[in-house]
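What follows is a set of notes on a single structure, which appears directly below.
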Amino acid sequence: MQTSNYTKINNILGWVIWIIASATYVATVAPTASFWDCGEYIATSVKLQVGHPPGAPLFQIVGNFFSQFAGDVTGQAYMVNLLSAFSSSFSILFLFWTITHVAKKLILRNGSEFDNQKMLAVFGAGIVGALAFTWSDSFWYSAVEGEVYAMSSFFTAVAFWAVTKWERAYDNDPYANRWLVLIAYLIGLSVGVHILVFLAIPPIVMVVYYKVKPDATIKDSIVGTVLSVIILGAVFKVIIPLLLKMFGFLEITFVNSLSLMKNSGTVFAIILIIAGAYFGIRYAKKKSLPFVSQGIFAVLFILIGYSSFVMLGIRSNAGTPIDENNPEDALSMLAYYNREQYGDWPVMYGKVFNSQLDRSEPFVDGSPTYTYDEEQKKYVITDDKKFAVPNYDPEWTMFFPRMWSDQDNHVQGYLKISSLTSKEQKPTFADNFKFFMNYQVGHMYWRYFLWNFVGRQNDLQHHYERTQGNYMTGISAVDNGRLGNQDLLPDYMKNNPARNAYFAIPFILGLIGLGYQAFKDGKDAWVIGMFFLFTGLAIVVYTNHKPFEPRERDYAFVGSFYVFAIWIGLGVVAIYDLIRERLNVPGLAGIVTVVTLAIVPLNMVAQNWDDHDRSQRYMARDTAKAYLDSCAPNAILFTNGDNDTFPLWYLQEVEEYRTDVRVVNLSLLNTDWYIDQLKRSAYVDGNNIPFSFEKDQYRMGTRDVLYLNPQKFRQDYGRNPGARWSTDDFIKFVKQDGANFQFKPHGIQNSPSYYYYPQTNLRIDIDKQQVIDQGVVGVEDSAKIVDYIDWDFKGRAMLKRDLMVIDLINQNDWSRPIYFAITVGSSPKSFFYLQDYFRLEGLAYRFVPVNTPRQDNQSIEFGYVDTDILFNNLMAMEFEGISDPDVYYDETCRRPTYNLRTIFGRCARALVAEGKDDKAEQVIDRAMELMPTEKYEYNYFITSLIEGYYQAGAMDKADAMVVEFADQLDQEIAYFQSFRKQSEVRAEMGNSLSLYRMLNGMSMQYHMQSQQGGQSPIAQRYREVAQRYGLR
């Protein structure tokens, strides 16, 4: 077969695969914003705003282009999601061509004839490998939402494909190196999406190295590998950071020393780069140094690609509503790119979680922070970082520190996973390595890898439970010993759409391909192996994950799954070649292709379609609407996490829904740039937050944390601070500047100074008439209004956000409604100890001057219920597709239903207390209509609804639910009993037994109280369970 025919068919098949991938992703793409970062990325794309560091300006620019084709604002999210869908399908296109290139090299390695059967085997490899990755779990997940990882995968795919084009052109095309310049440009562009594409640099360098040095020995390969890592480090940690540092240095020099205008140093730096590139290229050509000129071109094109970041600076200067970190100039852009907001962490050497400070020099100076001062027209130091950096005792620093975070929840995770017995015990290298292998490799990478190529247990997040988020094969004989008897799974586990069984066939086929390539062509195997390692284990080493992450992180390792799909494709060639050498089977290549296509990619799509189809999923958008609709007009709504905040940003920014409500994210409230933005109006005039602090009083490095120190107050003022301060006096005190209001809490001279506060017991005086006039509390409830609110903070430290919340409440004086999203937390500390002054009005608590202390300190139900407001808000809530059994909701989408069940039940109980039994039953009926148990399994949160039915007198409905719940619990207990090691499911078994006891006790109580009498419908069953397991 002629080469031209092969090329033509290869191109046609590539586009056919692209059509299949595109059809898959377009058919299953989300119609609106999803949870996590999607709402932020869509909002910042549609209106070209500034998202979280290190930024994704190219994604936003292209996403903005796609959004222009939406019919109206509600369709813009869909268009941005389509950007991910098509980025992913183009990744598949280039993957197909990459696989066929590698497979063809492999099958023709010994100079054999490229006949039709071999050509078909090569195409079979491309088809099977590309479609396996098309329908793989993690890649498909990112392909159907408006996030950066799909476009990042596209850049990785096209960059590696480009080097295969260079490899083919090198021997015959004098201009072949233009492909390398293109790769440099793609790398620069990709920084405006995600830096993951940097990890393709080492394998790309090795392709070039082996082509230029075809007779490379093992020693040469080691040299080439080291060189490739150096080039990666130069691009990642030298070229762009050094460039930004140069911009910053010149900017300060030109503005501060030469008294020139702002950005003059930046302009000069750009001119300097252009001039340097021009004269460098001229010199290289004059001296006949082509590699030097091409190197300069490569660096220049990286910088041209990186120039998309200029958009962030322009839009930040425009003062957009979303302007994270405010990167307005070269100095702040460097901090933005380096993700300084998130801090740093050790990678190869550094501290562990309990490292001790150096006794002689516990703190050292950091790099000062410069900010442009509009009045002085120069850059001023706003944080000198004096003694700001902890300096650890060398005896407590070590090589490869994997257990490094000193946050309590992380330390508990270290103790749970490692062999350490106390948090005072110093981890050894062995302890760190064990944690690395067990958690960081096993839990945070290998488990995800097996999800994609062996099978997945379910969609529940895994924290070392045997019943959640594990890999599985689907072969009972293999899975039963580790995951319990699979024939005894409860119905809701068995029917979980994310329970996907591949029987480990993709994994085995990939191993066959890997072994075949390693045996036939060690150099190419090393190139692909490097690609696999750098996009997998290298990320594990660099990110140094803490236990436990707030979400599964499999999307970060999609690059290595991409590489493994190459080996899956080569597995087809391997099977064909191995059989061909032993048997003469007519049409062998076609048979191998069809069989592997059926048992690998076609089985994967059959298993994965139902849990990757988001085409009717609106939960993130509708939950955000429910938050906003829970608020009165012109409200201030406090949120905390990504899933509280980003869907709200999307809804307000893109769909322009309820823009009268000002959302305040409490996590960001610790930053000065966010406070600046809140002080400005957004969407509508006059909805700015009324903070009284001036900028210099809350700049970064100023009042980031304050410590309680009544002793210093007594020392300075000669009196005790008193029993209680008004919020106004408290704010006036903490605003005061100067050394007199600071101290060194570490008791060490060379340590940072902090502001202090002398009192934790505050008081808010209440103007009752103002409260009534503003409609905070109705006239009919005016007697409940307290004269003052005694506000008692716990602990010995306050963060900047604590000050801002106190200041806001002090300034607001009930003029605007203040709400806390119910997902802000579950403890009084989460709600700033205001929980006794809450009124539940939906998915948010309203802060009101009515004292409703909890009867049970363990309860997470705060405040009281205004049944009229809550009933109306709940009955008006709409969640598109929430009750549709054909619309799959993953664990993240199901979590809001837990809160909804609790709130509906609480509303019903409050209505019963007011004698409104009919309305109570009506509100629970609505809850069951929205969240039927056929779709949402029974759990603790549904007990609120069951109790509501009982209290409302709907005994039959309650009994029916009790029986169904008990049926599920019986299944759970039988399943947990099947585990060989009962200790592995002790918590799960205890939870099921506890729920059984609670359910029976509740049913017995209400049957005894009812006029119908009778007993619990599960009484006999419970007695048998209680007897068997020793329950009371």
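All residue numbers here begin at 1 and follow the chain in the order shown.
Each Cβ is built from the backbone N, Cα and C atoms, and glycine gets one as well.
Computed from a predicted structure; not experimentally measured.
Record features (TrEMBL):
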TRANSMEM  12-36  transmembrane segment
TRANSMEM  78-99  transmembrane segment
TRANSMEM  119-136  transmembrane segment
TRANSMEM  179-210  transmembrane segment
TRANSMEM  222-244  transmembrane segment
TRANSMEM  265-284  transmembrane segment
TRANSMEM  296-314  transmembrane segment
TRANSMEM  501-519  transmembrane segment
TRANSMEM  525-543  transmembrane segment
TRANSMEM  555-576  transmembrane segment
TRANSMEM  588-606  transmembrane segment
Whether the transmembrane segment (119-136) meets the transmembrane segment (588-606): three or more C-beta pairs under 8 angstroms: yes
Proximity verdict for the transmembrane segment (588-606) and the transmembrane segment (501-519), three or more C-beta pairs under 8 Å: yes
Interface check, the transmembrane segment (179-210) with the transmembrane segment (222-244), three or more C-beta pairs under 8 A: yes
Stretch with greatest number of CB pairs under 8 Å, the transmembrane segment (222-244) reference, 78-99, 296-314, 555-576 candidates: 296-314
Contact set, same chain, for the transmembrane segment (296-314): CB under 8 Å, 6 or more residues outside the stretch: 48, 50, 55, 57-58, 60-61, 180-182, 184-192, 235, 239-240, 243, 273, 277, 280-281, 284, 327-329, 333, 336-337
Among the ranges 12-36, 78-99, 501-519, 555-576, the one whose Cβ pairs under 8 Å to the transmembrane segment (525-543) are most numerous: 555-576
Long-range environment of the transmembrane segment (555-576) - Cβ separation under 8 angstroms, sequence gap at least 6: 91, 95, 98-99, 102-103, 106-107, 117, 121-122, 124-126, 128-130, 132-133, 136, 138-139, 141-142, 147, 149, 153, 156-157, 196, 199-200, 445, 448-449, 452-453, 506, 509-517, 528, 531-533, 535-536, 539, 543, 588-589, 592-593, 596, 600
